[in-house]
Structure formats: C-alpha cells, structure tokens
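Pulled from TrEMBL:
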- B:35-56: transmembrane segment (TRANSMEM)
- B:88-110: transmembrane segment (TRANSMEM)
- B:117-136: transmembrane segment (TRANSMEM)
- B:156-179: transmembrane segment (TRANSMEM)
- B:212-229: transmembrane segment (TRANSMEM)
- B:241-259: transmembrane segment (TRANSMEM)
- B:266-284: transmembrane segment (TRANSMEM)
- B:290-309: transmembrane segment (TRANSMEM)
Amino acid sequence: MPDPTAAPPPALRLHRVAKSFGAVTAVSDVSLTLHPGRVHALAGENGAGKSTLVRMLAGVHRPDRGTLELDGHPTVLRDPAAARAAGIAVIHQEPTLFPDLSIAENLYLSRQPTGRLGRIDRRALRAATTAQLARLGVTLDPDRPARGLSIADQQLVEIARALSLDARIFVMDEPTAALSGTEAARLAAVVRGLCDRGAAVLFISHRFEEIFGLAHDITVLRDGRHVSTDPADRLTPDTVVRRMVGRDVGALYPKTPTTPGDTVLEVTGLTRHGAFHDISFSVRRGEILALAGLVGAGRSEVVRAVFGVDRYDAGTVTVAGRPLPAGSPAAAMAAGLALVPEDRRQQGLVLQLSVERNTALTRLRRLARHGLLTTRRERADALHWTERLRVRHGGTHTPAGTLSGGNQQKIVLAKWLATEPAVLILDEPTRGIDIGTKAEVHRMMSELAARGLAIVMVSSELPEVLGMADRILVLHEGRATATLPGPGATAETVMAAATGHPGGAA
Amino acid sequence: MTRAHPRELGVLAALLLLIAGTAAANPRFLSAQSVRDLLLSAAILTVLAAGQTVVVLTRNIDLSVGSVLGLAAFGTADLLATHPGTPLPLAALAGITIGALCGALNGALISYGGVPALVITLGTLYVLRGAAHSWAAGRQINAADLPRPFLDLGTATVLGIPLLALLATAVVLAVALWLHSYRSGRELYAIGSEPAAAARAGVPAGRRIRTAFLLSGSLAGLAGVLYAARYGTVDATAGQGMELQVVAAVVVGGVAIFGGSGSVTGAALGALLLTCIGSSLAVLRVDPFWQQAVVGALILAAIGLDRLLTTRLAARAARTAPEVSRAG
Ligand SMILES: Nc1ncnc2c1ncn2[C@@H]1O[C@H](COP(=O)(O)OP(=O)(O)OP(=O)(O)O)[C@@H](O)[C@H]1O
Ligand SMILES: [Mg+2]
C-alpha cells in the first residue's frame, strides 16, 4: 500500500466544511482528503452526515462554510453539471431513475452516442449500455423502461450510470445496500479496477466486511463531526464501531431460542409465471423464517404475492387455517399480516408528511379517540418509537423526506411494528441501517418472536440470515432450492443453494 | 420508431373504426370534398397539438395557445390588409414571431418566476386575448381585405391533399424527429419523467422548458397564420376556447398529462380523432350536446387506459425481471 505522504497530490480535499438545514446541523467542520488510486471509506451512524457530504461533492448542496479543492485548486461546484464536468461521478444513496426512459437512456442521458447530423445512434447506445451492465455482471434489457425495476436493479443501474462517466473521482453512497454478496463482490472488483487506473474513490457502507475489504483509509463521522481518519490496516471493526457510536454496542443477532407454537402462515405451491414457481413454506408462532437468495431470485416477489400486493397464478395462502383471498392487502392486514416493503420511498413512506403522521398511518383508527386523532397523541406515540429506534430527526413534525436514508427506514419499521401483527413480513429490514440500530432491530425481532409473532424475513445479508433465522428457505431463479435449519446452516450451504447447487449443501 | 406503440395503435384503431362506422351509415362521409374538409380542419388543431405535446412532456401545460393563435391570426391578417404588398413568407414570419414572443414570455415567467405553468398560462390566456381585443378594437378583417394568393393557400391542394394538411404533417414529423432522436429532445422526456433525477443528471431544465414554450408559442403563431388563410375572416375572438380542444387531443393521443411519456404522432392522431368525431356526429345528425359528451368520455377513457397500461406494464416488467435480468 502506498504511503499517503509520498502519493500524488490529493484529487479532492474538503476543508472544514459545514452544512445546516434550518435548525438541524447535518455536517459541521469536516475535512476529508481523497487520493488517486485509493479507496476512502466513510463510516458513521444513520444521520451522521455522510450523504450530506456526498451531496456537497455532487453539487447538490453548497457548503455553508469551508472549501473544496480539486487537484489543489479551490473550486465551487455550483450544480450537479459542474460536479460532473469536474470529473466527479456520484452514486446516490436513493437511486433516482427516469421511470419512462429506457435503461440505456437512464445511463446515457445527454451523452447518447450520436451519428449523422447529431442523431442518436440507438444501436451504439444499446451496445454501450450492455457493455456497462456486463461489467457488473447484469444482463438487463437496455430497451426496457426503468419503471418497475426492483430496488436492487435500480441500484445497479445507478451504479452503471456512474461508472459509465469518464470520471477521476467516484463517490459511492451505500451502493451495496440493496445488493447481495455476489453483486457486492463484483462491484468491489470494479472499484479496485478503478483505483488501479488512478481514480479516487469515496465509499460508504454500513457493512464492515466491505469497508475493511476495500478501503485504504477510513474516516469516522459522528453527529456531523469528524472523529478520526486512519489507514484501514491500523483499525479494527470494533474500534470503528466504538468511534461511530460513542458507546459499546450490544451483541448483533441476539437470537433467543423460542419454542414454536401453532402454524400461522402456510403457503403451498405458490406460483407466478416468470417470477417464482411452486413455493411452499409455513411459519409457526415464535419462529423466524428467512428467505435467502441472490438479487432477482424472486424473494420479494414471493412475499409481495403472499401479502396480496401482487397477484399469483397458482397456490394458496392460509393464515391460521383460513385461506387468504389473493391480491388483497386489505384482507391480509385484517388477517393480521404486516409487510415492511423493500422500497421505502415508493411504498413505505409519505415523504411529505411528518414523522409522527407517518408513524401513526397504519393505526389511525386505534390511536384516535371518538374518531378524532389528536396531534398530541400522535406525537407521544411517535416519540416512543423514534426513541426506541434511535431515529435522528429535527423534531417529529418535520417531513419524513428530510430524514437520512437509514432513519427513513426506521420510521417504516416503526410504523409496522406498532401494528402488532400476527405475522410480520420484513423485506430487507436493515437495509441502510447502521450497526448500532441493526442490533436494536434484531433485538426487537427476537422479542416479538418470543411473544409469539411469526416473522418472515427477506434478507440479502448472509450474517443476518444466519444469525436470526430459525429456518432458511433458499431461492434460486424463482425456485426453492433448499430449506435449511437456521442453527446448522453455514454461509457455504446457503450460498451453494442460492447459486443453484444445493448438492454441495448435503 | 424503434418499437410499436400500443397506445398510438389504439388511437389509430379508434379512428379507423369511427370512419368505417360513419361511412357505412352515410357513404358521403368519404367523398373527396368531405375528406379534404376534415383534413383542413384537423391541420390547425394538429399544429397546436404538436407544440402542446412538447410542453406537456415536460410536465407543464400551455393554456394560452388559443389566445396566441388569435393574436397571431389577427396580426397577420391586419398586416396583409393594411400592406397588401407584403410578401407572403414575410407575413407568415410575422405571425410566427408574434407567437414566438408570447411563448418566450410564458417560458420566462414560468422558469424564472417559479410559478406553475397552469397559473401563468391561464393568466396569459386572458392577457393576450385582451391584447387582441384592444388591437382589433372591434374591427373584423374580411376575406375581401386579404390578398387572393394568401386565401388560396388555405384551399390549395397538392396531388389532391390540402396544403395545410401537408404543412401540419411536416411539423409533426419534424417535432417527432427531434423528440425521438436528439439529445435535447430526450431531455424533455427526462424532465417530465422525474424532475429530481433530471436535476441530478445536470439537465438544463429551465432552458429546455423555455424552449418548449417557445416552440409551442411559435407553432400557435403558425397556426394563427393558417387560420387566417383558411377562414379569411378574422376578429379578436379567433381561436377562442381552442386550448381545451388541444389539451384534449394531446391527452387522447396518449401523452401523459404528468409528463415523461407519449409522442407527437399520438397527439396528431388524437387531433384527427377529435376532428373526425365532430364531423361524423354532424354527418349522423347527432345533437351537438352529445358531441361534447363523447369527447369528454374519450378523455376519461384515455386517462383510464393510461393508468391501466402503466400499472400493467410495470407488473409485467416486474414479472419477467428475474428471467431477463439474471443469467445465474
Ligand atoms: N434537506 C434536509 N432538510 C432537513 N434536514 C436534513 C436534510 N438533509 C439531511 N438532513 C438531516 O441531516 C442529518 C444528516 O443526514 P445524512 O443524510 O447526511 O445522514 P447519513 O449519514 O447519510 O445517514 P444514513 O446512514 O442514514 O444514510 C440528518 O439528521 C438529516 O435529518
Ligand atoms: Mg445517507
């Protein structure tokens, strides 16, 4: 590893920058240096100010104070176009694609290859897109519109878009949050390739394996302040966590053994053509069932069909012995099901509404007295949940859309946990959630299971699956390839089944 | 076009059905003269619809086009009546310039003022109509005041097809080419599809939206010139209420009212369909009240169909995703 002092001049330097939104200070007095050929990781709890820094580098936010230097020259990034022109490519935490445009145009908008008379050369555009996606091992059809892509595919498109820019500095805000290990590993390989070509990379993730596997330097932020910057080989995950959180974190995966009760949810032969085929499973009270598999294996599709968001072509779903009508989320909710969706911005939150209203949204009836819902009740209730999940917000009356990504996820969780359902279905419950809160979410899941809830969890994070599940159903390309007991399963057996080689699992 | 557009084919099918049905009931509907009249009436609406499409794609709306048409029609006619020697191309250019100025005004107010287009263009709808009234001061310009060659343009045919219809077709093709095959045209879709993403991608949204309104205004100006040539009689009320027909044509033609999708060919088919409904109901001697009801029902059907198609397409896309997207 090169010595930072002997390295070429920094590609980018942020010096003592600060940014506030009204009364909320998102970033205060942070300095950060990116060197060519090095990966710099940024760690910090939800709301620590990571994405705010990213938005400064992307030209979205202008710092209130402090300076930005590119190759030693002070620079002001007026807007996203200026950042792009300066050679900075940004992968934002929340992918924003154009739903009506094709994947190819999402990648190359304003940069489409052109032919005669400046006309767009569609064939070259398609070929370039296919090549970019192939770098990530993705084979999406370049001509299909982005509408309806899964979160993971959206994220892959967002990544491919940034990689297709001819940039010297790559800023990646939780690019792997929705990806499973296989895709994340491919991205890591690409990032190493970028570094070898002399690019500087800023990399944000809540997964420590990734940070320590990739980063040369690690900067820790806490409450918008700079805590430390060190070469990665002088740090351990424990030190980083302690610096991030400022206290010791409870054990991850605090799964308490429970004695499962009656079967509450029973799914038999569930099939939707082209998505999943002949999926059967049952969950008992007090049990946590994990659906594991690679991105695109059909896990989310299965739980969405069970909850009635999507239709299915064959099979039955019964809750506590009674068949559940297909395609009716209302019926599912009435039967005691709850689904925490994968796509929080589209399906989980009303971004313009306040934190307290969002939290109360699933229980308006129950919280109301004589049909009237008082703000005071809503607020008290919201405070209870936001404290419990350590949501960092500027007051429960602020719009949910202004919270950091991880904190938005916590609100979605709170909203559904509070309904006290009989069966709780969680789709990527800890996506984008920091390590401290992750432990808290896991503790709550254990607690709920111990109180007799049945939990179905879709997770791309292998440690989470292994640590929390009583049983693991592994999907591969829409088919169940293995059912493994949680305690006996290993990363190898799950991965073997997830890649379609369950033979190795025996 | 690279893909078959089911939405446009739908409008086309409705159009053919309507024509076939009406012709079956009254064969005179398909006489050369009646077809020519139909194309002539559709031409002006089509030119307006082409401009409106460009605006609606960006998630905006231009309600002022009827008034712009009126102002440009009156301006052109007045110029030709008072200076009969004016070369016709120059007169046409004058009308288009009036429209362009109005469009530039709309665009500037919207992009610099940060006020929704609905409000701004509703305002300019009244202001420009007022300007036309004060300019005309109650005058009406008649065919007798206008040079013969100009009026001939309104009825001229090339190989039996009205010149105005050919002009409208040329406009539609040019706009279609821009929207489909040029970077700036694609950016209009991007802006309408997801403004936040467009901002992040560094699309110059303000400039593009100003261009869209400039084009809509210019085409409304051109439509004003065509109007004057076709009808010969122009007063300050020319084109009054036309904006609603235009928006209807665009929506029926499959341009999403929230921007981001649709095509100018679709909008042109929509304009043709609405015009056809008008004349076919007249041919069938149906009460004019029903004509309005039918147009209303069509708009609702079009919007309903769009919602359905969007959700269906999304569902289908999600369904095929695992197969298409992952090799293994
Ligand atoms: N537009 C905004 N208006 C108000 N507050 C904001 C806005 N953007 C960010 N904040 C606040 O700034 C703080 C830092 O947010 P930021 O998104 O940078 O966190 P983060 O470190 O990226 O967290 P996460 O890990 O959850 O993504 C949060 O408390 C957030 O509520
Ligand atoms: Mg963030």
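The backbone N, Cα and C atoms fix where each Cβ goes, and this holds for glycine too.
Counting Cβ pairs closer than 8 Å to the transmembrane segment (B:117-136), the top stretch among B:35-56, B:88-110, B:156-179, B:212-229 is B:88-110.
Segment contact holds for the transmembrane segment (B:88-110) and the transmembrane segment (B:212-229), given three or more CB pairs below 8 angstroms at sequence separation of 6 or more. Among the listed stretches B:35-56, B:156-179, B:241-259, B:266-284, the one sharing the most Cβ pairs under 8 Å with the transmembrane segment (B:212-229) is B:35-56. By number of Cβ pairs under 8 Å, the transmembrane segment (B:156-179) is matched best by B:35-56 from the list B:35-56, B:241-259, B:266-284.
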